[in-house]
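Worksheet: one structure, shown below.
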Amino acid sequence: RHCTDIICCVIFIVVILGYIALGVVAWVHGDPRKVIYPTDSYGQFCGQRDTLNENKTILFYFNILKCASPVVLINLQCPTTQLCVSKCPDRFATYIDVQASYRYRPDQWNYFRQFCKPGFNNPRKSIAQVLRDEDCPSMIIPSRPFLKRCFPDFSTKNGVLTVANQTTFKDGRGKTRNVTDLREAANGINNVLDARSVGMKIFEDYAISWYWILIGLFIAMMLSLLFLVLLRFTAGVLFWIFIFGVIGIIGYGIWHCYWEYDHLKGIPGSDLTVYDIGFQTDFKVYLQLRQTWLAFMIILCGVEVIIILMLIFLRNRIRIAIALLKEGSRAIGYIMSTLFYPIVTFLLIAICISYWAVTAVFLATSGEPVYKVMANQTLCKYANLTCDPETFNTTNVTKLCPGAQCTFAFYGGESLYHKYIFIFQLANAFVFLWLVNFAIALGQCTLAGAFASYYWAYRKPADIPLWPLFSSFGRAIRYHTGSLAFGALILAIVQLIRVILEYLDHKLKGTQNSFTRFLLCCLKCCFWCLEKFLKFINRNAYIMIAIYGKNFCTSAKEAFFLLMRNVVRVAVLDKVTDFLLFLGKILVAGGVGVLAFFFFTQRIPIFGQEVPMLNYYWVPLLTVIIGSYLVAHGFFSVYAMCVDTLFLCFCEDLERNDGSTAKPYFMSASLHRILGKKKLSPKKA
């Protein structure tokens, strides 16, 4: 063996080093606190240590009614002053009322002014000047914190929406308004709060049932292992039972259609044609026609004949497919360590996802605070322009656009780094896709090398090399990193294009241009098909790389033409394997799911005292079912890779050898008997 696709290997290493450098630069410039902590109108974090806002962890909106403005959807910022406070208001109050009662009720002012700008303590200032200078809110309403922000404390009383048992409130500007206006401003908050309550209950259920969930997943693992072992003996039985079951069901359908056709004979109106009655929304009308049942019977007869003919002409290929499935079970039995390799792939992908997510957050939080003019008036020419909060009140903007504010918008900057943040995010996403595909490719090549060493062992298991999985992993890393990176690169490019198309489709979803939507739909469909084709080619190319050690392009070409020369066998093997593995996943997930259902619903008397008291029994139940399916999928993906590898080895064996003493077959005796060729040459002791 020698190193393959060296140029791509060098590029891959350079890209990884660049990716690390990008992460370091993002770490230097970024600040995740900008995501964790809410930011007030002055760009300061709420709750940040060693600042004036250290004990003020919650964001308060001066006028939450403005949050119902379309400006919120455009700029993702509520066009009102936002202030960090230590707690949310717990009562209704207006600046006018507090100002009027200041002399004999100073405690009300002391409570109200904690929601004003820091340092403001002038209750004699007129309401017009206060609102102009944004010193205090015109009103406060009972609120509670959610996501570190103050939202109205909604509740329902006799089906009526209320806030602190009131249906109306004063807005501090001389008007009495309904609390439904607040609901529009905090649209959807009730559902989110309910979701939070449900989320807490779900968390509690996980906290008291996690070990039972782990036991269920362990049972799923054991069932998956048992199923793979039993496939050596039951693959053919399961397949033929299913096939004859389908033939029997279709046969019954033909008989039933004939019975209905004969039963309707002589009934008035049953001899009409579908064309005579036209289109009807009630499908039962068509079932009263003899022509309908005749059509069903003809269709089912056609399907039955096709299935029987396929079984007759493809019987030998089906037997080969079943024999390969049994051989795959036998190979895994000799190399049991392969069943646990998906854990390595999972850890590699988890590292890639974590690094990508952290880098994306640091990139998104890079830069200095940028302030923009927020105006309620849509005709304000200064709207959405950058501004300086320190000099904003001295400009003409407030005069030309009454109510306009210089509000914190986002973090950015004018440097070269900040200008290309979007490009860096794209690069982050692209390298992430490349690394994930490389991790998957490494797993496929490693497994293929291990199973190929089983097939090409002349005396099984005596000639199987020691530690075949670790040897295959070492070969893949040492010699074929470039080839694996090349295949992963091609796939990552197509996937990035698909991501961009999905983004464009999301952005143009509201457009009325039918041609644009049609073009995007066609492009998405084409690149989806291209991705599926490339995954198929890459998978088989990695198998050939593991067997012969050639470069990616040569291996892909040889694998493709080898498969095309055996296209019928490929189709049969693929469908037989897919059916049996899908059946195995359903059996494992369904069996463990039924057991979990009876356990968590206290229907197993033996464990009646052990069942935890749950808020929702479906939480651990669904977790066990989905987890069992994923566990089975992990084990069966190794099995599928084993079968694909053995199949390519089998095809190569047939083309390169003839069963003579000089060129003996390496296939098992069962496969050789199915082919009915020359006898296997006697194996040397």
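Every residue gets a Cβ built from N, Cα and C, even glycine.
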### Summary
Here TrEMBL annotates transmembrane segment, and of 558-578, 621-641 the range meant is 621-641
### Query
Per the definition of 3+ C-beta pairs under 8 A with sequence separation of 6 or more, do the transmembrane segment (579-600) and the transmembrane segment (237-255) touch?
yes
### Query
Would the transmembrane segment (431-458) and the transmembrane segment (7-28) count as touching if the test is at least 3 Cβ pairs under 8 Å, pairs 6 or more apart?
yes
### Query
Based on Cβ pairs under 8 Å, which of the stretches 7-28, 293-314, 621-641 lies most in contact with the transmembrane segment (237-255)?
293-314
#### Entry: Long-range environment of the transmembrane segment (621-641) - Cβ separation under 8 angstroms, sequence gap at least 6
206, 213, 216-217, 219-221, 223-225, 227-228, 231, 328-329, 332, 338-339, 341-342, 346, 444, 447-448, 451, 539, 577, 581, 584-585, 588-589, 592-593, 596-597, 600
### Query
Honestly, do the transmembrane segment (479-501) and the transmembrane segment (210-230) touch, with at least three Cβ pairs under 8 Å and pairs 6 or more apart in sequence?
no
### Summary
Beyond a gap of at least 6 residues from its ends, the CB atoms lying under 8 Å from the transmembrane segment (334-358) belong to 19, 23, 225, 228, 428-429, 432, 435-436, 439-440, 442-443, 446-447, 450-451, 454, 460-461, 464, 468-469, 634-635, 637-638, 642
### Task
For the transmembrane segment (293-314), find every same-chain residue at least 6 residues outside the stretch whose CB is under 8 Å from a CB in it, and list them.
243, 246-247, 250-251, 253-254, 257-258, 260-261, 264, 287, 568, 572
